Amino acid sequence: MRLLFILFVICGIFTNNVNSTIAADLQAGEVIFSANCSACHANGNNAIMPDKTLKKDALEINNMDSIAAITNQVKNGKNAMPAFGGRLADEDIENVANYVLSQSQNGW
């Protein structure tokens, strides 16, 4: 019984820290987005290819509605979008992908 209690306490500690980590990652993603992406993607739009926005419906239509897909696009680029894999750390790319997906789900 004591072991079970200890496990619940440990799980509680980790789950409380997860929420603050996610928030910090989204904040970091917003900073990265503002510095590197907003020139072409302000407010989730696309200045180069207007039909390929970062809005929820466009991401779904283009199979870009997952962290993995967005991370791959940011890292490797595609069409007019340059690759940021050599410019940004993997953690930064992960943060910006989480930010983009979150913003798309919240309507930018």
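Keep in mind that glycine also has a Cβ here, set from the backbone N, Cα and C atoms.
If you look up TrEMBL, you'll see Cys37, Cys40, His41, Met81 marked as heme c binding site. Cβ neighbours within 10 Å of Cys37 (heme c binding site), excluding its own Cβ and spanning all shown chains: 18.
As annotated by TrEMBL, domain 'Cytochrome c' applies to 24-104.
As annotated by TrEMBL, signal peptide applies to 1-20.
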Across the domain 'Cytochrome c' (24-104), DSSP yields 51 helix, 2 strand, 28 coil
